Amino acid sequence: MLTSPEPKGLVPFTTESLELIENHIAKKCNEDPEEEEGLKPSRNLEAGKRLPIPYGTLPRGTVSEPLEDVDPYYYVKRNTFMVLNRSRVIFRFNAVSIFCTLSPLNSLRRAAIKALVHPLFRLLILISVLTDSILMCMSNLPEWILAIENTLLGIYAFEILVKVIARGIWAGSFSFLGDLWNWLDFSVTLFELITRFSPLSSFLMLKTIRTFRILKIIPLNHGLQSIVMTLAQCLKKLFGAIALALFFLAVFSLLGMGLFMGNLKHKCLRWPEENENETLHNRTGSLNYSPERINFYYMEGAKYALLCGNRTDAGQCPEGYVCVKEGTNPDNGFTSFDNFGWSLLAMFRLMTQDYPELLYHQILYASGKVYMIFFVMISFWFAFYLTSLFLGILTMTYEKEKQRACEESGGLDPKCQQTVKELDEENDAAEMETTQIEMKKRSPTSINTTLDILEDTTLGHREEPETSRKKCPICWHKFIKTCFIWKCSPCWVKLNEFADRVITHPLADLFLVICIVLNICFLALEHFPMSEELRSLLHVGNLVFIGIYTIEMILKIIAMHPYGYFQISWNIFDSILVVLELTEILLADVEGLAVLITVPLIFIKLGKYGPPFKSLMRILGSSLMALKDLVLLLCIFVYFSAVFGMKLFGRSYKDCVCHIKEDCQPQRWHMSDFLHAYMTVFRILCGEWIETLWECMEVAGQAWCIPFYMMVILIGNLLILYLFVTLVSSFSYYDATSEVNKEAKNLQLAMARIKSGINSMLLKLMCTERSVPTEATDQICDPSVKENISGHTLSELSNTQTFLRYKDQSSSTEKTPVTESESQSLIASPSASETVPIASGESDIENLDNKETRSKSGNGGSKEKMKQSSSSECSTVDIAISEEEEMVYEHEKSKLHKNGYERKSSTGQISRESRNGKIWKNIRKTCCKIVENSWFECFIGLVTLLCTGTLALEDIYIDQRKTTKILLEYADMIFAYIFILEMLLKWVAYGFKAFFSNNWYKLDFMVVIVFCLSLIGKTREDLNPLTSIKFLRALRVLSQFERMKVVLRALIKTTLPTVSVFLVCLMIWLLFSVIGVQLFAGKFYECIDPTKGERFPVFEVMNKSQCEKLLFNESMPWENAKLNFDNVGNGFLSLLQVATFNGWISIMNSAIDSVGVNMQPSFEYNLYMYSYFIIFVIFGLFLPLCMLIGVIIRNFNKQKIKQGGSNIFITVKQKKQYRALKKLLYADVQKPTPRPRNKFQGFLFDLVTHRVFNVIIILLICFQATTIMIQKDEQSPQMETAIFWMNSIFVMLFTLECILKLTAFRCHYFTSAWNVHDFMVVIFSITGLLLPLTIGQYFVPPSLVQLILLSRVIHILRPGKGPKVFHDLMLPLILALPALLNISLLIFLVMFIYAIFGMYNFAYVKKEAGINDVSNFETFGSSMLCLFQVTTFSGWDGMLDAIFNSQWSDCDPDKINPGTQVKGDCGSPSVGISYFVSYILISWLIIVNMYIVLIMEFLSIPSQKKSRTLSEDDFRRFFRVWNRFDPDRTQYIDSSKLSDFAAALDPPLFMAKPNKGQLVAMDLPMAAGDRIHCLDILLAFTKRVMGKDERVEKILSEIESGFMLANPFKITYEPITTTLKRKQEAVSATIIQRAYKSYRLRQNDKNVSDTPAIDDRRDDLTSKGAHSGKIEEKASIQTQI
């Protein structure tokens, strides 16, 4: 972007100014418009922004008066003038008086402009809009409110009138109708007038339009306008992604129609009895009698009939019922695939992952479990790929916007930056001078204290954003010195010094931290029910902590004086905490008044001593301040949506409530009032919208509900995703080691002193037991040594030589804390005593993060080689490894050194020269060769897979398959023997030390132990539980496959540094859990009617005592909710369900119904408890999620940089394939098919390769997809016949295409995979159509023929055939596939392990809630289905709810399970909680990295310059266009035709107009007559497309030599100039002419004036004319540059 020239003065807009603008408009008609094409508006001078500082203060007479525009873009091109208000805000108006626009000098317009730009006018409109917005959210308003609404309407009409007069109706971009916001304002006002004063007021839609008035807040705030414009740019960038999403949505919807049309109507209908006359025709037919609801089979507590299917893996009906297609679809008929509309809604539901488990179960019941593959594919494409795509585009847009803002702030208005810098320097100098004067006036005794105060104050200011401080009056300074800086008697000074020593001592901070932690622990101990002893203990502890905090505050005030104390923000925070806690003691009778405030403050107080917490909070605060406009826009949108929904659907929810509930009682989720409408919108934005949409369609119809919900979902998610991207980007710069505050340093110092004291005591004890040399002891006792040995172990302390060596190192360097790697380098390695040769194990680089491989020297620069304890002829000898090699996990094996294993034998060991030594050596060499043989490794890998796979066979039916059970028992023993043998071989080959120093071998050893324990468990019945650990055998897969090793290493390296951030997030959750316990402990109990299973109404049972007095109370109906806040642990689990939006609705319902402890809940009694969950979702879920993901991305980028920019989740071999694939995809080189020499075949070749032919085929595919869209279930026979003939026509057309291509391409046809696919589609389609006609049976259903034809729709994604934007969006996925596949393998292994564990522990759990016939843990397939749901964070609350059944009232522990010896159907709550929580955390971590891989791959595409290789066809098309511009074959073209020639070329050589600036910048040689040679143009255009490097230079030389061969008679010429020089000459001539004209104008003005006094305004006009000339001159130069 071009910068504006030096700022000129503010010139009033006069008649002469208007004449100049009119003359300029007349001149522009005769000049070349491209001379001003490069002139762009300055972003610092945009309308709505403040005038920059370099323009100085506003002179008198310039405020609210028309001024000449200071931006050359608007002055030269847009013909505008500007107006400034008192706040220096820029307003721009059109100066041309056309289309009912008054002159800028008209008094009426000037008065309107003054009113429009006045801040009070803007404030009046803002207050009116806010008042109107508040009134709109209220219901049942009194009559006098109508007068206020009429007044507000009058204000809006007056505003429109003022704007029309000031701006004109339609005269340029700054007219009234030139602003879209004015269109909205005018429309809303017009409709409001119609509804207020016309008979049309009864129309609901006209009344609803008034709610758009809320959006009027946006144009009143420039920041909101900027955010809206940014989001509009994001939508432009997202256009391709939205189109791709709609394409996939349509394709999968059609696929769903073909697979599941009509299936959801299959229900279990009662079989007619023998005495009934009705008969059943067939299993899929209909009964002769009309089925009623009573005839269907319903599960206990189910609302809809049980679905079934006729496949063996589908749902089965109980005895006495048959599966028939009758009735309506489930969910009130809104869930189906019977037509394209409902199928599209179902696919959109899966795309947003809203309640997908219900749809899974419905489809699997009706169609079969095999269709779970369809949902896995849908989840990958929609929930993963498209989400990553949207996030990637938003991230790229945000990064570009941030980069542009940085460039503007760094490059624009340097004078402004210099002015600000000078002002800052003056302020600093004045403050320093004032400080020196104050110091001179003070007494010497107070200087030290004041310095401490200043030091603390400075420290506090460093932790806060710097703000400008205003100078205070002298009297105020005297008052401060007298009242807030205490100078009393010497006793007070001593007390001051004592308090200062106490509060600054490191142990004081450690003591405070311990007290805060204990205070938090005391808060976390509260639970329900709680004994009186514990309650009193917690109360006393709370009083003690309050006393400690109060003493701390008093000591700090004494030590620092009140003035210094309150200069630090943390001290102010501490004082507030103390005041609130003292208030809590005084108001102890008011329950929960101050607790909810003090509890968060205590947690925040702990964060004072944690640098990660402070850093994260600082980043969060700065980010939210920078994003305040975006947050405000999101709040406005939510408010608008709630009000709009309330106005649109409120009456329908009241009048048609009986359509939802049979008892006609109000629902929890509706839009009858603002609060419920707001919560409904909030629930929609949280991703749960389908259930409320069903209810909305029941009461208000589909026509309004679906558009409203789509608006809220799409716009709301766009705002949330953009906010998410910006916050994640901010946290990606987090560095925990960047700063350590004073309190943290004190804690480190205190811990170091404690460790030093403990070590000194240990040294004394050891010195009494051993005789330590005096010199060594003296050196150890040196303070520098004591300070740095605190982190060493007892074995290190016993090594005196280590201390001596460390003493020498520490004396030559600064006293810095010893890092872990440095401390390990100080440990003396044991001497090698093995005399026999051994083989080294795998490279230590594979030991995850084994830090024994190398150590850093004291200077930290060089790496030392570790001394090998042993070696072998067949061993892999580790060499010195660089950091880069370690990061990519590449290592080399050095060649065998003949004497590498020769070591001196120590006493008592086997000698190498002895006979036994040689035998042992040969045995070890043989074992080494065996274990390192590739065939042996493949055999072990195969055995590992077989061993892991057999675990899937041990389901609940294993006892019924006796043979399989026996085979598995023998297989377990065989596998155990093989792995034991392998371990023994490695022990012999590598030795124990090398074996157990490798973490992967440790894992193998653990698996062997698991094998042994499981085999032992089978021998005795009392040891049978040991067999349940067999699932750990699958962990051996990790050590056998390099891909999983790479992924696991990368996960560890990207996750471990986030531990501090994870702890911060955990503390936030602990805070919310403690608050939840304070709010809801013991309040979720309710009295249940055992006959109905529902809660008693509150007017029948009010509390626990009344419930227990009921006569039929035999089963204790006073029950607690399974998810509650009775203690911190339950609170964590409840918050996890809220965070995953699973089961959170029931938790919120219990919370808002809660009345009190031992009180019966009442419907929506505590409605405002919704705020607790809203705050948690924002501050406990959204923001911590941004923190974690941002830090993970930072670590991901760090590891990626260390590996040279390559992907960290792929192996070395895959990296080579990745580079090759990347070059292939970016090069976009396609091997052309040779054109046949036969004329007929050549004609067909030209036909099928023509673009029009490809377009026709794409249109045919789209038409064929349209024929599927118009179909529906139970359509008429005429429709069936029409569709059959349309399918036949499409098959014939596609067959004709296949024949034409076969004839044209010949054998080359089958070299393309796309052609092979088309050929197979044609064959299957013909077969599907002809078989029914020949044999009369449909072996291939007609719907399947349509789906086969539909598969051709993927041609739209074909590179070069479909839209290019689709190809660009698919590139990241293709490039990221290797990494995604590796990560998928790891997550599949995790799912496999957890599925086996679930089969062992939850196979016999009672089928209830989320566990049913389809989703259970009985078999491996069902377990994987359950875990797939949990992986997408859906449905795990229902499974956990079923596992919670562990009491006699909920399950039967003695139930006999047929076919097995296991009894009972109870679950284990503790095991279930651990199972699901651990799996959610692990799977979330892996999935987040999958998202990051794909997003980073997408972001890397624009950062790399796409160097495209031009093909022969590109050059052929170039010369084809050249022939049109050079028909005489002169090899030259006139320079005036160059622009048209560049615009006529085909991509990638194509250059769109305006392109003169780009062509001039190419600096093309020109011959006589302003002609340019063909070769020069070709070479320049090729270089523009392919870039500049050595490879391109070679290609250019080849092009030039090829051109010379093809044109041997090239005309030689000498270029006389270039395009750039010629343009510079023309611009220079124009500048000279304009300068001369300006000079002549000034001379004429001097001659005309007869008096020496010249009108000031005329001088301004003259300077304006000269400056305007300069602006135009600079604009012309900048245009060409």
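Placement of Cβ uses the backbone N, Cα and C atoms for every residue, glycine included.
What Swiss-Prot records for 806-834 is compositional bias 'Polar residues'. As annotated by Swiss-Prot, compositional bias 'Basic and acidic residues' applies to 1647-1662. As annotated by Swiss-Prot, intramembrane segment applies to 340-367, 674-700, 1128-1154, 1421-1444. Look at Swiss-Prot and you will find 806-875, 1647-1681 tagged as region 'Disordered'. The repeat 'I' feature in Swiss-Prot is assigned to 101-402; the stated evidence is similarity to another entry. The annotation repeat 'II' is assigned in Swiss-Prot to 488-757 on the grounds of similarity to another entry. Here Swiss-Prot flags 1-118, 1041-1055, 1306-1312, 1363-1377, 1505-1681 (among others) as topological domain 'Cytoplasmic'. According to Swiss-Prot, the topological domain 'Extracellular' annotation covers 198-201, 261-339, 588-593, 656-673, 954-961, 1273-1276, 1445-1468 (among others). Swiss-Prot lists 119-138, 143-168, 202-220, 570-587, 627-655, 935-953, 962-990, 1022-1040, 1251-1272, 1277-1305, 1378-1402, 1469-1504 (among others) with the feature transmembrane segment, giving similarity to another entry as the kind of evidence.
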Contact ranking winner - 119-138, 143-168, 1251-1272, 1378-1402 against the transmembrane segment (202-220), Cβ under 8 Å: 119-138
Tally of residues which DSSP labels helix, strand or coil - the topological domain 'Extracellular' (1273-1276): 0 helix, 0 strand, 4 coil
Range from 119-138, 143-168, 935-953, 1251-1272, 1378-1402 with most C-beta pairs under 8 A to the transmembrane segment (1469-1504): 1378-1402
The topological domain 'Cytoplasmic' (1363-1377) - residue tally per DSSP class, helix then strand then coil: 14 helix, 0 strand, 1 coil
Residue numbers, six or more beyond the limits of the transmembrane segment (935-953), whose CB comes under 8 Å of its CB atoms: 964, 968, 971-972, 975, 978-979, 982, 1030-1031, 1033-1034, 1036-1037, 1040-1041, 1392, 1395-1396, 1420
Tally of DSSP helical, extended and coil residues in the topological domain 'Extracellular' (656-673): 3 helix, 0 strand, 15 coil
Secondary structure content, the topological domain 'Extracellular' (954-961) (per DSSP, counts of residues): 3 helix, 0 strand, 5 coil
Intrachain residues whose Cβ lies under 8 Å of the topological domain 'Extracellular' (1273-1276), provided they are six or more past its termini: 261-262, 265, 336, 338-339
Spatial neighbours of the intramembrane segment (340-367) far in sequence, C-beta under 8 Å, 6+ residues away: 245, 249-250, 252-254, 256-257, 259-260, 263-264, 266, 306-309, 311, 314-315, 329-330, 334, 375, 378-379, 382-383, 386, 687-691, 706, 713, 1268-1271, 1410, 1412-1415, 1425, 1429, 1432-1435, 1438
Residues from the same chain, set at least six apart from the ends of the topological domain 'Cytoplasmic' (1041-1055), whose C-beta lies under 8 A from its own: 846, 848-849, 889, 941, 1000, 1192, 1195-1196, 1199, 1208-1211, 1214, 1381-1383, 1385-1386, 1389, 1485-1486, 1489
